[in-house]
Amino acid sequence: MFRAVGSALKRNKEAFNGIARGFTTSSHRVFTSNITAASVTSASSSPLAGNSFYGLRSLLKGQNASMFRRMSTVASISSESKEGLKLLVTGGPQAQKWVGIWLFGSAAWVFSMVVLGGVTRLTRSGLSMTDWKFTGEFPPLSDEAWAKEFEKYKQSPEYKRVNKGMNLEDFKFIYWMEYAHRMWGRGLGIMFALPFSYFLRKGYITLRLGVQLSGLFALGAGQGFIGWWMVKSGLEEPPSEYSQPRVSPYRLAAHLTSAFAIYCGLFWTALSVVMPEPPAESLAWVRGAAKVKKLALPVSLIVGITAISGAFVAGNDAGRAFNTFPKMGDTWIPDNIFEMKPLLRNFFENTATVQLDHRLLATTTLIAIGTMWWFTRKLDIHPAVKALIGSTVGMTAVQVTLGVSTLLSYVPVSLGSAHQAGALTLLTLMLLLNHTLRRPSPSLLKSLPQVAKSNFS
């Protein structure tokens with residue numbers, strides 16, 4: 001027990017020194033939580049907890065080393081305590097740091113996968129590869145191999161109805177786009193599995209974390225099957241009401257929603273590894289965070305639903321219809337929004353209804369996040385929470401602007417991709433906000449004063 005306490009005290013000292021260095025060397029705003037001697041009655045009988053949160057500006061600047069040092073939460077708890085914090089990673093601060101870097105890197109890889117998938121769709125490259133192999137395949141490397149692949153594509157409905165007359169060079173472009181998307185996904189599997197195996201062998205991964213990561217890995221492996229299931233729907237002859245082949249909007253929504261779920265799971269888990277405790281300086285701030293959380297949870301749900309509705313806009317190519325704003329053509333609400341039977345189909349397959357839904361949901365998201373900011377602006381809460389709420393409001397405004405610009409300019413690849421990336425960025429901010437609003441552990445709560453004593457710079 002004494003060895004554990006001594007080790008914990010050493011880790012606390014290192015964390016405090018790192019925070020002190022950050023105050024003198026960083027030009028960015030840093031939010032830290034300091035535990036003074038008055039907060040700790042005895043090193044052997046009371047839990048010691050220190051936590052810090054690096055400001056959003058520094059996060060966006062990409063100062064990874066500083067971020068992990070300042071976001072690390074160090075908890076020193078007696079082995080006999082039943083209220084101790086259960087860490088996801090064993091092996092000390094360095095193990096936490098490297099596991100956190102790996103998980104944040106994996107989340108960033110998934111983010112890039114989502115953006116690359118959007119570019120692949122917007123360049124109409126997704127149906128260029130007419131088969132799929134689980135183990136992967138080499139691209140065509142000879143003229144004969146390219147000719148063979150091109151002939152296979154010529155048998156597809158997309159070539160016959162949309163790209164008839166396409167030359168080989170144009171085909172190579174869309175083929176390479178789809179191939180890159182598939183290989184980037186397989187690369188993610190390797191990038192995730194190898195460090196996972198290493199950390200397991202080192203004994204850093206707890207059972208709880210291992211189960212979580214195994215579930216995410218299984219979901220990621222399933223993404224390949226979902227992706228091919230989606231592409232396969234676009235290789236079939238389209239129904240008569242479609243003028244050109246396209247993948248099923250339901251399958252596209254399933255593919256994108258699964259990708260979002262994997263990203264959110266990885267990002268949340270990474271935060272939990274490097275920041276086991278939320279930033280907390282006082283009981284007043286904890287109570288304020290609880291009030292914000294009551295608003296943040298439903299707002300997060302609205303953000304998620306709006307993002308998924310965007311998948312149906314993409315699946316129905318609805319962004320290339322009604323390219324006016326705020327009206328949809330000459331009217332506020334098109335006449336044909338309920339023309340399909342049964343009625344429910346309109347919300348997922350009717351171009352006019354799908355776009356109207358997305359407009360309404362986007363407006364609701366903007367109002368909801370603005371309302372959250374309004375009702376929390378005078379609350380006594382941690383500065384990190386205030387910064388995140390303000391950043392979320394700003395990102396929402398940017399995302400709405402991107403959406404309207406994409407619509408008015410008839411969905412160019414650049415704006416369409418930026419809009420999709422913006423949706424994931426907004427989800428990221430909501431995840432970060434909700435993670436920061438978690439209730440501290442009982443051991444940390446016991447050590448907190450009623451009112452914050454720390455100074456923030």
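Here, residue 1 is simply the first one shown, and the rest follow in order.
Here the Cβ of each residue, glycine as well, is placed from N, Cα and C on the backbone.
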Using Swiss-Prot as the source, do Gly91 and Arg345 end up on the same side of the membrane?
no
Answer yes if the transmembrane segment (295-315) and the transmembrane segment (413-433) have at least three CB pairs under 8 Å among residue pairs 6 or more apart in sequence, and no otherwise.
yes
Cβ under 8 Å to the topological domain 'Mitochondrial intermembrane' (316-357), counting only same-chain residues 6 or more beyond its ends: which ones?
246, 249-250, 309, 404, 406-408, 410-411, 416
Just to confirm: which same-chain residues, 6+ apart in sequence, have a Cβ under 8 Å from the Cβ of His419 (heme b binding site)?
Gly310, Gln399, Leu402, Gly403, Thr406
Summarise the topological domain 'Mitochondrial intermembrane' (409-412) as counts of helix, strand and coil residues per DSSP.
0 helix, 0 strand, 4 coil
Is the transmembrane segment (99-119) in contact with the transmembrane segment (413-433), using at least 3 Cβ pairs under 8 Å (sequence separation of 6 or more) as the test?
yes
